[in-house]
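Engineer: Shown below is the structure under consideration.
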Amino acid sequence: MTSSESEIQARLLAQALPFMQKYENKTIVVKYGGHAMGDSTLGKAFAEDIALLKQSGINPIVVHGGGPQIGAMLSKMGIESKFEGGLRVTDAKTVEIVEMVLAGSINKEIVALINQTGEWAIGLCGKDGNMVFAEKAKKTVIDPDSNIERVLDLGFVGEVVEVDRTLLDLLAKSEMIPVIAPVAPGRDGATYNINADTFAGAIAGALHATRLLFLTDVPGVLDKNKELIKELTVSEARALIKDGTISGGMIPKVETCIDAIKAGVQGVVILNGKTPHSVLLEIFTEGAGTLIVP
């Protein structure tokens, strides 16, 4: 490394210091998903980011998805994926595979990546320590032909109804980094598959996290000129949904951000997980995505 490169690195570290102080002993929940999960280089960079957060005195918690991997496993096992209103129908056989893929293979891959940095990650799902309880999701759609609201039966797709933070509080006092799969039990004894975004929002809300980061395949919320909006209040975000600036798949993402803020999260960020070290760029600089605040 040349002296000029060393000087640049030193300046970057000095610039990061105020942000390290700002977030010291604070909880940051990161929802890991999208393209980054299928790219080994991005996966390694993500693990390094999480490790550095922990080494900087921050309490990081990872929640991950795995829709494409679930679809691939179902296909491999000859089980056809069924969708209602764009949502996967999870029958009894499918939920077993969902749990196997999410809480098994994907979860342990992420744990292994973080552990390779020298940090200690622990793989969990909502069942562990009675951390999360869910109930059957209640979803409706408007029938385009009759314009009548129709109730969807999505099987074992759930919604979070309760989060017990006891286990996560214990882990926060330890050297462990929780990596959580969005699978949880119901009071009825069933196992439920939960949308990873809403699961992460529920976890972050229960912990009153300082930040919730959503790693996506887009830079953040864009204005009508396709320029990144750096910060929005909840009321501004709602206005952009109403006027059509926020549209399509970004609407449920932003609504999940709003729900998380209502639950107690101080700020939620939508950022591009395809950018290497995007988590560090968001936390230790002036920001890399769209920050939504109360």
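Using N, Cα and C of the backbone, Cβ positions are placed for all residues, glycine too.
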Engineer: Out of N147, N193, N225, which one does Swiss-Prot list together with G66, G67, R88 for substrate?
Structural biologist: N193
Engineer: Roughly how wide, in whole Å, is the group G66, G67, R88, N193 that binds substrate, by largest Cα to Cα distance?
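Structural biologist: Across G66, G67, R88, N193, the widest Cα separation comes out at 12 Å.
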Engineer: Taking the recorded positions one at a time (K31, R88, K253), which has its Cβ surrounded by the most other Cβ atoms within 10 Å?
Structural biologist: K31
